[in-house]
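Annotated active site, proton donor per Swiss-Prot: Glu209, in sequence order, evidence recorded as sequence analysis. Taken from Swiss-Prot, the feature active site, proton acceptor applies to Lys343. Annotation source Swiss-Prot lists (2R)-2-phosphoglycerate binding site at Gln167, Lys343, Arg372, Ser373, Lys394. Look at Swiss-Prot and you will find Asp246, Glu291, Asp318 tagged as Mg(2+) binding site.
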Amino acid sequence: MPKILNIVGREVIDSRGNPTVETEVYIKGGSRLASVPSGASVGSQEALELRDNNNNRFFGKGVTKAVSFVNGPIHKALIGMDVTQQRVIDTIMIDLDGTSNKSKFGANAILSVSLAVAKAASAFKNVPLYQHISDLYDAPKNTLVMPLPMMNIINGGKHADNNLDIQEFMIIPIGAKTIKEAIQMGSEISYNLRVILSNKGISTQLGDEGGYAPNLNSHATALELIKESIEQSGYILKEDIVLAIDCAASELFDTSTNKYNIKSEKKFFTSEEFTYYLSSLAQKYSIVSIEDGQSEYDWDGFAYQTKVLGNKIQLIGDDLFATNINLLQMGINRNIANSILIKCNQIGSLTETLETIKMAKNAGYGTIISHRSGETEDTSIADIAVGTSAGQIKTGPVRCSERVAKYNQLIRIEEMLGKKGVFYRFKNKLMS
């Protein structure tokens, strides 16, 4: 039995300069480590990210409490455990925490251990992490699917210090035949967008996720700039590239009026009006995927949007579902959305993440594995995307080392898989 010999938690730094938790799990022959990200626009149903709240240190964002739980009760409970028993180990940590949202130890503490355990187990088995995750997920053994990337290119909302309300404007390189080709396309388009912005005298400052964060007079202007950068790169919108947006609509929703406040355009929309506003953008700019197009507090609005757009556009629930099987089941029962964004730290363990992916797939929902705005160099989500054949991944632009690390890992995985890997093909009625 490959026993866990030691567990060491430590405080490290994420891409925003804030502390986060890293855990190293030791077994005979070596160790493996994992670090966890954090979000800026955080859904109310997410598992708790434990912070120190000591304003004298890192403005209250330290994670020494979470680290102390890794090095204390979690360490004590897991030493001597079989490192390959992922579900048992995750269950022990969840039960020790004893809360519904992991508020005692913190999802950041539990997830860092959970991912490090998976990495150590894959090392013991002498298989790549994606293969070990595939085994845990009980995926079909014949082929694995390489994910199609959704590549953030312009940032707004809470991810940027600008006037755009929509949080992310993304490109999807549907014309690519491999992940390597998709990355090339994304890199070239991003480069040309910078040139276009610069030539127009528009700021090329970056947002939290590495996309450009210019001040613009409308969302349509942002989409026009992206369209221009696609064409300047020699690609064709709708044929080679389609677009996606993340509205992060919970941040725009005024619960007192039940309206969406689009400050950049000085407009207020009802749920229905916001749906048709997004639909008009989708038709004009080949937007095939809309994430959080309604607030997590507006389930009726989300149901209406799904009824109107769900048969032709990928409608993703992020804050709505928070990678939580109970919330996802509610959405399935009410026919709300048709896809789910998967963020490991929203739920706080690998086992629960895999359970949510499986439930979504069984219900016919699309699955998109996602990074967070405060990222680390950890590449686990690349392996999770492949190991579960999720189909899509959202991990930022081809820029900034914490984002590029995931793309480079996907390049390596594609090379290792060879003909056993199939690149995901996006199918959408808007594209036909």
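Heads up, the Cβ atoms here are built off N, Cα and C, so glycines get one too.
Not measured: the values here are computed from a predicted model.
Sequence features annotated in Swiss-Prot and their locations in the structure.
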residue : record                               : Cβ contacts under 8 Å, 6 or more apart
Glu209  : active site, proton donor            : Asn152, Asn155, His159, Glu168, His371, Ser373, Glu375, Gly396, Pro397, Cys400, Arg403
Asp246  : Mg(2+) binding site                  : Ile166, Gln167, Glu168, Met170, Glu291, Asp292, Ile316, Asp318
Lys343  : active site, proton acceptor         : Gly39, Asp318, Thr323, Ser370, His371, Arg372
Lys394  : (2R)-2-phosphoglycerate binding site : Pro149, Met150, Asn152, Met170, Leu341, Ile368, Ile369, Ser370, His371
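Around Asp318 (Mg(2+) binding site), taking its Cβ as the centre, 30 other Cβ atoms fall within 10 Å, counting all chains. When other Cβ atoms within 10 Å of the Cβ of Arg372 ((2R)-2-phosphoglycerate binding site) are tallied across all protein chains shown, the result is 28. Overall, the recorded (2R)-2-phosphoglycerate-binding residues Gln167, Lys343, Arg372, Ser373, Lys394 cover a maximum inter-Cα distance of 17 Å. Annotation for the binding-site residues Gln167, Ser373: lowest Cβ count within 10 Å of the residue's own Cβ, Ser373. Summary of the Mg(2+) site environment: with the site residues Asp246, Glu291, Asp318 set aside, the chain residues having Cβ atoms within 8 Å of the Cβ mean position are Gln167, Glu168, Cys247, Ala248, Ile290, Asp292, Ile316, Asp319, Leu341. Counted within 10 Å of its Cβ, the other Cβ atoms near Glu291 (Mg(2+) binding site) come to 29, all protein chains included.
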